[in-house]
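> For reference, Swiss-Prot lists these features for the protein:
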REGION    1-23  region 'Disordered'
REPEAT    39-76  repeat 'WD 1'
REPEAT    78-117  repeat 'WD 2'
REPEAT    119-162  repeat 'WD 3'
REPEAT    166-204  repeat 'WD 4'
REPEAT    575-716  repeat 'CHCR'
Amino acid sequence: MSVDESNSDSEIDSISSSDEDEEPKLIYERITEKFQGCFMNDTISACAISKEHFFFGSHNGAIYIYQKNGILLRKMILHSASVVDLSVDLESENLASCSMDGKMIISNITTRETTVHDFKRPLLSVAIDPYYSTRSSRQVLSGGRAGKVVLSEKGWLGNKDTVLQADCGAVYKISWYTTYIAWASDLGITVYSTEFGKVLGRLEPPKRLPNDEIFPYQLFWQSESRLVIGWSDQIMIVSIQRSNVANELPKISLQALLEIDSIVSGVLMLGFNILTLAYIANVEDFTSAIPSQRIEGCRPELRLIDSSFKELCGDAIGLANYSRLQPSDYHLLPDPSSNSHSFVISPNDIVYVRERNQIDHVKYLVSKEMYAEAIDAVKKLPEIPPSLQISELAKKYIFHLLGKGQYKEAGMVIPSLYNDNLAEWEQWVFVFAENDHLEDIADFLPTGENHLSPLVYEMILAQYLATDERTFNKKLHEWPTMLYSVSTIRNATLKKFKENQKSSTLTESLAFLYLEDNMPIDAFHLYLKLHSELCIDLILQHNLYDEARASVLLLMLISSKGKSSDTKSAMSSMLVQHVHSFPPQEVIMQIHSVPQFLYEYFCEFELMYPNSLMEYGDLKLDVFAEFDRKRFFDFLVNTQCYSLDHAAQICKQYNYLDELVYILGRMGNNKEALMLIINELLDIGRAIRYVKEQADRELWDDLISYSLDKPEFICTLLENIGTDENARNLLSKIPPGTKLPHMKKSISKLLADHQSQVQLYQSCYKLFKNESISMAIKYREQEQSGLEFLVKDNPFNSFGDEQLDYNYRKRIPMIYDLRTKKYIRPEDVRIDTDDVFKDDKIAYFKTRMHLKPEVQMRNKLDLLMMLYKQT
């Protein structure tokens, strides 16, 4: 941003940044008006700043002393020529000045006493002891064209001068910091220690230039260990390192050297950054120019350079009359009262410079209308100034967005800005309402415990009800009902519903409001109309079984389309668990047209009431056959409450051959079942097993006859034929010349099976023989055992029944012999083993009673007894 030399004092008009898009690093303020008596009526040639005062020296030899607030304390005319340099002590009580008239004058600001040192030669620089006011030595350094650095001090007999360095050419600049002094002369930079009273070292200029006295030396002490030097187009950083050895001099060294593209008119440190006042010109412009020719100057730039020598910013400063100024006419001085403040001073202007702080950052963001960032930055401030209160910034921010038509964005930021101020929050809602943009703020209304008044939410719901039924329904489900009056919104919704009952969205909204207003029956009928799963939940939660009794089919349809499997099972369970409200006859009648529902109902009913609803046996067969073949077969096997003909018809309909075989078997159509196994299932092994299970000789004959023209079947029969009789029958019927595959293997297996059977029978015979004898003996003993009687001890008694006396106390075991029909003693009974062995009836009967009555075991026992009798 370019400015004219006579522009106003405002920051914007005075400063031009090198990058307009970036936030400035420094802030500027022209304060020339505070010192009008000096800058308007005179031209400044020298200056100094203390914690309390500004000191200005003019080309007319006058010295001005101002307070920081711009009040002129004193004007002193002490010199007859231009004041070249000023230096003030730390207490701001004593001021040293030097002039081209060769005089150095020390002035006491409070007492107005002055001490004059006349060196008879033009002086260029002066430096007063920082602790001049507290030390009795009263030391001041000066130097100039005489080529000497002179230390003037107060001695026992008066003032005395001590030459610290002679024959050094012109002395351009002297700077005193605590116990260190640095001066710049034609020989370079010399560093002196007042503690040791010795020169620590000298740095020669990196290069020699013609007319090098044109370029002012800049000396700035950042600390006792660092000195920053500016000269020509170079910036040097010098390090002073104290020794750990006693009485050893500190060592100085050049730490860094930076060359810039302009002339250094001032340099100092702002924190860890270098602040330099750059005179925009090439060094060669001054070293090669004709002495009488004056170079027109450009606006100087104030540049901030970091520790890695990267330029952070560069701002051109539009000082008054800058085109007629030379590099030595500018001064860059730090403010002793603040490390972040400094001043740029020219003969006719003064600009206050400081680093931008957080408040400046916020103001910059506001100026760029970056309100969101500004508000975030304000929240981090330890103290918020009145002009930057969040409420004010928030108001500006929202009006800024509204002015740009960004209502949605404005509604989005309001919650974060007014979360703790619900009254202001609510006012913004009405602002949106006035501009017909309620929908842009509705999504951001608070819905928790800290919420707005019900009127706000009802107003927005009414707006949506009139313009957007879908969003109205969405808000009803999103917002807690505590935010608004449910009855009020329900009545408004019901009124519109009566006008348009075809709207599913409006129906859902009204059902929701009925439910929230504790009217579940009305809500149920509306949800049922919408085919919503919620109607099933309402039945279960509010016991609306009587209301649902006539709508079973519709409820089943709703549950079948539901996404949740729990809803489907819940519906079937409800119908079964509440049979008093849902009689099975009515349920079956309603859902009869949908076999899937019948299947689910029958399955659920069977779980709770096994072997029930037998009157619907044929209907169960229909649905089980369609949806669950395993359950269909289980039902065929485990129940009898169905028509066999109907079952056979279903099996044929669905081509359930295994089930059809079972049904044909139950119907007595064994031959048809056998043919089904052979012709349809093509399973000769199963056919053989089926014939064995039926134990029907005619079936064997049919199977053998059917297999005679099928060599593969013949071989399979030979391997699994079983009894000798069937095997003989099969072998005898095989047509001569029939070629049988792997016949040898089949015959070998047949013979091996026959041999195994013979061995089995023989083993069983041996086992049963011994067991038969043992059982026969035991049976004989049981049959011949008698009862114990008491008889009198009378020799005339015999063993007749009529002669027994039960009062006799002697116990004598008696056995009644069936053969002789008499009672005998046990010891007189002789068991003849051979007789027992020959008693076939007893052995056979007792063995039969001892064995398990399985069919196969009975057959084997018959075979065993047959073989036994033949032996």
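From the backbone N, Cα and C atoms, a Cβ is placed for every residue, glycine too.
Quick one: where do these features end up spatially?
The average pLDDT computed over the repeat 'WD 1' (39-76) stands at 93.
Distant neighbours of the repeat 'WD 2' (78-117): 45-53, 55-63, 65, 123-134, 138, 140, 142, 144, 152, 159, 161, 173-174, 176, 336; these residues of the same chain sit at least 6 beyond its ends, with a Cβ under 8 Å from one of its Cβ atoms.
With a threshold of 8 Å between CB atoms, the same-chain residues lying at least 6 positions outside the repeat 'WD 3' (119-162) that come near it are 81, 84-91, 93-104, 106, 168-178, 181, 183, 185, 190.
In terms of DSSP helix, strand and coil, the repeat 'WD 4' (166-204) has 0 helix, 25 strand, 14 coil.
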